[in-house]
Amino acid sequence: MSLRERYNIPNDSVITIAGTVGVGKSTMTNALAEALNFRTSLEKVDTNPYLDKFYADFERWSFHLQIYFLAERFKEQKRIFEYGGGFIQDRSIYEDTGIFAKMHYDKGTMSEVDYETYKSLFDAMVMTPYFPHPDLLIYLEGSFEDIIGRIKERGRPMEQQTPLDYWDEMFKRYENWINNFNSCPILRINIADYDLLNDEGSIEPVLEKIGHFIQQSRKWKSRQLT
Ligand SMILES: Nc1ncnc2c1ncn2[C@@H]1O[C@H](COP(=O)(O)OP(=O)(O)O)[C@@H](O)[C@H]1O
Ligand SMILES: Nc1ncnc2c1ncn2[C@H]1C[C@H](O)[C@@H](COP(=O)(O)O)O1
C-alpha cells in the first residue's frame, strides 16, 4: 500500500505550502511530492528576471516583480488544473498580494497607483468563483531566529544583503495574515515538530494530518452541495 493510500489522501489533491522566506517550503514541497508521488509546482528563483534587480531597488522594480509572479503562478494554476490535480505547490498565490504587494505598498516602495492596478488584476484573476482554490494550505511557522538561521545557511546573496528589519516586518505580517486567511482550509505546522533533513520518517505524521484534513473538508464541501 502506498503512503498516499495509507493516509487516505485523494490522488487529485492540490496542496499549497505557505510561510515566510526561508521557513522550509521548498523542502516540504519536495518531501511531500516524493512521499505521495505527486507533481511539484516550484517557485523558480534562478530564472526570475526581476528578483535580483528588485532586491537592489525595491521602488523601481516592485510592480514589475509582482506582475511577473502573478503571471507565473497563474500559469502554474492552469497546469495543475489541466493535469487534474495531484500537486504540491511551493508558496500560494495568496501570499503575493496578502504579504508582499501589501507590505511594499504600506512601506512606500510600491506607489498607490501601481498597487491599485496590481490588486484589481489579482482580484479579477484569483478572487472569483472560477478560480480553483487548493484543497489545503499548509502553513509552516517557526521562531524568527530559526528562520533567519535558515536564510543565512541557504546563502542567496540578494537575501543576505537585505536588512534584518525586512525579514522581521515580513515575519510579523505573516502571523496576522494567516490568522485572517479564509480562502481555503489551513493546516498549521511548526518547523520545530519535524526534521525532514535528518529524519525521513518525520513526514508521516504530516501525511496523517493532511489525510484527515482533506477528508474532513471534502465531506464538508459535499454537505454544502446537497
Ligand atoms: N527541517 C529542516 N531542518 C534544518 N534546515 C532545514 C529544514 N528544512 C529546510 N531547511 C533548510 O532551510 C533553508 C530554507 O529552506 P527552503 O525549503 O529553501 O525554504 P523556503 O522555500 O521556505 O524559502 C534551506 O537551506 C534548507 O536546507
Ligand atoms: N510576490 C513576491 N514579491 C516579492 N518577493 C517575492 C515574492 N514571492 C517570492 N518572493 C521572493 C522571496 C525570496 O527571496 C524568493 C523566493 O521565496 P522563497 O520563500 O524562498 O520560496 O522570492
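Every residue, even glycine, has its Cβ placed from backbone N, Cα and C.
Look at TrEMBL and you will find Asp90 tagged as active site, proton acceptor. Cβ neighbours of Asp90 (active site, proton acceptor) (same chain, under 8 Å, six or more residues apart in sequence): Ile17, Lys25, Ser26, Thr29, Thr40, Ser41, Leu42, Glu43.
In the structure as shown, the Cβ atom of Lys25 (ATP binding site) sits within 10 Å of 25 other Cβ atoms. Per TrEMBL, the feature ATP binding site maps to Gly19, Thr20, Val21, Gly22, Val23, Gly24, Lys25, Ser26, Thr27, Arg150, Ile151, Lys152, Glu153, Arg154.
For Glu43, Tyr55, Gln66, Arg91, Asp96, Glu159, the entry in TrEMBL reads substrate binding site. Within the same chain, residues at least 6 positions away in sequence whose Cβ sits under 8 Å from that of Arg91 (substrate binding site) are Thr16, Ile17, Ala18, Lys25, Glu43, Arg73.
Annotation source TrEMBL lists domain 'Deoxynucleoside kinase' at 15-214.
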Tyr55, Gln66, Asp96, Glu159 filtered to the binding-site residues whose C-alpha is within 10 Å of Ile151 (ATP binding site): Glu159
Packing count at Glu159 (substrate binding site) (other Cβ atoms within 10 Å of its Cβ): 17
Packing count at Thr27 (ATP binding site) (other Cβ atoms within 10 Å of its Cβ): 16
Rounded Cα-Cα span from Glu159 (substrate binding site) to Thr27 (ATP binding site), Å: 18
Val23 (ATP binding site), number of other Cβ atoms within 10 Å: 23
